[in-house]
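Okay, structure first, notes after.
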Amino acid sequence: MIRTVPVGLGDRAYDVVIGTGLIDKAGEHVLPFLSKRRRCAVVTDANVGEHHVERLSVSLEKAGASVDVIVLPPGEETKSFEGLAHLSDQLLALNLERGDMIVAFGGGVIGDLAGFAAAIYKRGVDFIQIPTSLLAQVDSSVGGKTAIDTPRGKNLIGAFHQPRLVLADLDVLATLPARELACGYAEVIKYGLLGDFDFFEWLEKNVHAVLERDTEALVRAVGRSVEMKAEIVAEDEKEAGRRALLNLGHTFGHAIEAEMGFGDALKHGEAVGVGMAQAFRFSASQGLCPAQDAVRAVAAIKAAGLPTTLSEVRSGPFGADALIAHMGQDKKAEGGALTFVLVRGIGEAFVAKGVDPAPLRAFLLTEGAAG
Ligand SMILES: NC(=O)c1ccc[n+]([C@@H]2O[C@H](COP(=O)([O-])OP(=O)(O)OC[C@H]3O[C@@H](n4cnc5c(N)ncnc54)[C@H](O)[C@@H]3O)[C@@H](O)[C@H]2O)c1
Ligand SMILES: O=C(O)C(=O)C[C@@H](O)[C@H](O)[C@H](O)COP(=O)(O)O
Ligand SMILES: [Zn+2]
């Protein structure tokens, strides 16, 4: 089974190919994008490398490509200035040329880092995304946001750089740890919560099928997510307007991630789980959204085993002012004022500019943050 979702971006358009058995056929898919000397640098992490990189290399080599593999340490810490310096140096050591291809083979950390390296290496080389986590298949491999974190915040240094192709092989999810699958589910349910009530209702009924990796359920979950992201990105590539909806839960979530220091204790998908729950509760507290929609949204996030409250993230409290300070670094902020993605109900997100910090602070106190 193969499904192709086009991302309509004119001269930067590309396909997202979703299906099974794609790693073994990667060479065929990638070959048309290689230059004459057919050289690729595959960037992966140690976990993905251990399970899958051999098959990918064989497939690329069978198609006539010459392949070098760069293996990085797994984890969010790799998506940093240090990780970028290390990767750039490895690419230079291989003497990769401008016409060569970088292949990002891993989760969102590898995709964001290798994509950013591709955007700036020798002022820009092409790259292909072969996402291996559910989160990367439904979200980070599509849309061209690439970045690294800094201690001051999430994804603060980066570039828009679209891949030439995305190959999402559902088979590789077989080796993905259950915790990571739940992280990916957070971004899947985000699409339902932000703009597709029917998809949300389907997820309510099929959460266990998705988490048990039932192929049919994965095809629908990944397919619908990518379709929604592709449609939004094609309309608003650089987040001038509607693309901000994809940030539902992220202004809250990124602030929590920054406070937690971008490590293993709290993963991005988990932060988005709490962040989306807070976006619904905050919207309800401001009279924007019916309280029962917030209760239902939170229950659906919880059903995947994701956290929905600050106290599940850390027993010690978060400082309300520290969280608000992080929110000030959010890329959606305008003229010093905060922008949030809020909701009128399930499937009805909207962009709220100029959010007053006073009710926000009061809300965070009700959430258990310290004053
Ligand atoms: N660019 C975007 O639009 C976008 C969107 C969403 C998230 N992100 C970013 O993505 C990152 C999170 O991505 P993630 O959740 O994929 O994290 P990740 O890349 O750290 O991968 C999660 C873990 O799973 C392992 N793994 C991945 N695929 C595997 C497989 N098939 N088998 C076994 N292990 C596997 C990895 O080694 C890692 O330990 C964050 O940095 C987030 O900011 C970016
Ligand atoms: O693609 C987008 O646009 C998103 O916002 C998707 C998010 O899930 C993702 O985490 C993204 O990296 C966040 O972007 P940022 O601009 O808030 O750093
Ligand atoms: Zn995200």
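Yeah, the Cβs are placed from backbone N, Cα and C, and that goes for glycine too.
In TrEMBL, annotation is done automatically, which means it is predicted and not curated.
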Per TrEMBL, HIS250, HIS268 bind Zn(2+); matching candidate in GLU187, GLU201, GLU204: GLU187
Neighbour count (Cβ, 10 Å) for GLU187 (Zn(2+) binding site): 26
Close-lying binding-site residues around ligand 1 among GLY108, ASP112, HIS250, where CB distance stays under 6 Å: GLY108, ASP112
NAD(+) binding residues GLY108, VAL109, ILE110, GLY111, ASP112, THR132, SER133, LYS145, LYS154: largest Cα-Cα distance, in Å and rounded to whole number: 21
Model confidence over the domain '3-dehydroquinate synthase C-terminal' (184-333) (mean pLDDT, whole number): 98
